[in-house]
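**Q** Below is a structure I'd like to ask you about.
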Amino acid sequence: MIPLSVIGFMGLGFIMAVIIIIIKYWNRPYLRDIRFLGIAVLLLLGFLPFSQCLTLFGYGYELLKFSEYIMILLPFVLFLFFFTLFSRKEETLLVESEERYRILVEESNDGIFITDGKKFLFVNERMMDITGYTQEELLSINPFRLIHPQEVRRIINAVKTLKEQGSLNSLKSRILRKDKKTLIVLFNAKIIRHEGKLAVMGTIKDITDFETMQNELLKQEKLKSLTILAGGIAHDFNNFLTGIMGNLSILKMEMKHMKNREIIEILDEALEACEKARGLTAQLMNFTRSGTPVKEATSIEKIIKESAEFSLRGSKSRCEFHFQKDLPIVRIDPVQISQVIQNLVINASQAMPEGGVVRIYVVVVDVNENYPLPLMPGKYIKISIVDNGKGIPEEHLGKIFDPFFTTKEKGSGLGLSVCYRIVKNHNGHIEVESEEGKGTAVHVYLPLEEGKPTESRKEGDSPRMVRGKVLVMDDEELVRDLVKRGLEKNGISVDVASDGEEAVQNYRKALESGSPYNAVLLDLTVPGGMGGVEAARMILKIHPEANLIVSSGYSDDIVLSEYTKYGFKACLPKPYTIQKLIKTVEGFLSD
């Protein structure tokens, strides 16, 4: 059979005309020759060029009268007209269909390819974008060259499945781009016929960003679980520390009367260890919670020195301090800022594996509208931590504060993101300058909120004797007993309650008896019972002038940082010493 593309529309028309002649005039004697001619034309069409067949047909025409020729030619012309009309319409539809297919393939968000297993036979534009190769390069390489080495065995098994089932759906795997970057992709494939041979037509969808986002969401879910766990641990641990620190401070007061210097020094070391344990608990909270600052008047110089030196213990590096003279007392969260300094100093030290000098500069700067930083005008403490280590690649500078971003093999990617969050929560700013091979400088800006100088009497000194009546509410019996013992040793009468409901009842009874409490210490969180905020609301409804103090083992709770909004007049984060407790309540008591 000769295809239509070879014969053409005109040739088909002549064939039809010949057929009509043969049928219509088959029995006419004088057309005996043309019968054979028609059969010959039909036979020869399979072997001769059309022009030669047309010559033969012209010979047949000589045997016909003109009128008979017209009768033959008319149906041929009509057939040719309608056939051409419908053929053009079909051809237009075919062209439009091919155009839609071409656009679909070229504009697809998926890479589309055809392969015979040894090389690519066709690739679209997106396939080139995903792999990083040009069309010429892709058409000349083996498809397995794109597969990640660790995925080759799995892909070979997938190809076996494809041969057995004829298709492959949503196979997740990894490929290597030309630049050796690993991508996570989704394969779909089907066996087809291409130019008469078996081939595989498939698609590749780049899902790297989606998978990264899913992993980040999974990390966030894990972090939420860790938050709950850390909060519970910190609360209980701070309660235990309160018991330890409180009893040690009571013992220290007793030893001072006996003037046993050696035992006092031992107790001081124990209390110092408790303070460090308190700091570790606070750091755990900062890793997992929003970390609302609980600000207090603090020496920034002391915080920086102690934090930096503590961070470099056992390290090959050392610190060099450059403080501006007469730095003011500032209002910051000392535990949080200490963590920022520790993280930055540790990073600086790790950037110098062979050891080196970490230089810390602290000055007061005046920021105005022209200052090239996103800060409100005003005075700021500027802390610069500088190393001469390996530096940070330029492509990483914009990501170093992102949660979970790390270039360390065993890093969590949380250290700098926590620093960023803490500084931002202080209404400050943190930025990094770095050059590969020359080192890194991290600049921290904290708004200068000057605090009142601390009192001359130290926390470890024996408190002055005061008189008064205090109500203590805490769910931990250890804490209740400690506070009662410590305050009563200093002449203060103490009643205790295990939850908010009991505290409200005790306060109402004392008020009705004409002997109200001078101060009320309320624990913020009571599992399964009324906590400090609700108890404070009910007590203030009974007695608006009540002196309420909030305390909590959740040292970063927003109630502690904004306690006045909840009706409290003071806050006392756990753990605390008896001296700090008395110092907090004595303002509400009489001598």
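A Cβ is built for glycine as well, from the same backbone N, Cα and C atoms used for every other residue.
TrEMBL lists 6-26, 38-60, 66-86 with the feature transmembrane segment. Feature annotation from TrEMBL assigns domain 'PAS' to 97-166. Annotation source TrEMBL lists domain 'PAC' at 169-219. Annotation comment: TrEMBL describes 232-450 as domain 'Histidine kinase'. TrEMBL lists 469-589 with the feature domain 'Response regulatory'. As annotated by TrEMBL, 4-aspartylphosphate applies to Asp523.
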**Q** When you measure from the Cβ of Asp523 (4-aspartylphosphate), which residues in the chain that are at least 6 apart have a Cβ under 8 Å away?
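**A** Spatial neighbours, sequence-distant, of Asp523 (4-aspartylphosphate): Met473, Asp474, Asp475, Glu476, Val479, Gly531, Gly532, Ser551, Ser552.
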**Q** Would you report the average pLDDT that the model assigns to the domain 'PAC' (169-219)?
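**A** Per the prediction, mean pLDDT sits at 88 for the domain 'PAC' (169-219).
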**Q** Is it possible to list how many residues within the domain 'Response regulatory' (469-589) are helical, extended or coil according to DSSP?
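**A** Looking at the domain 'Response regulatory' (469-589) with DSSP, the answer is 55 helix, 25 strand, 41 coil.
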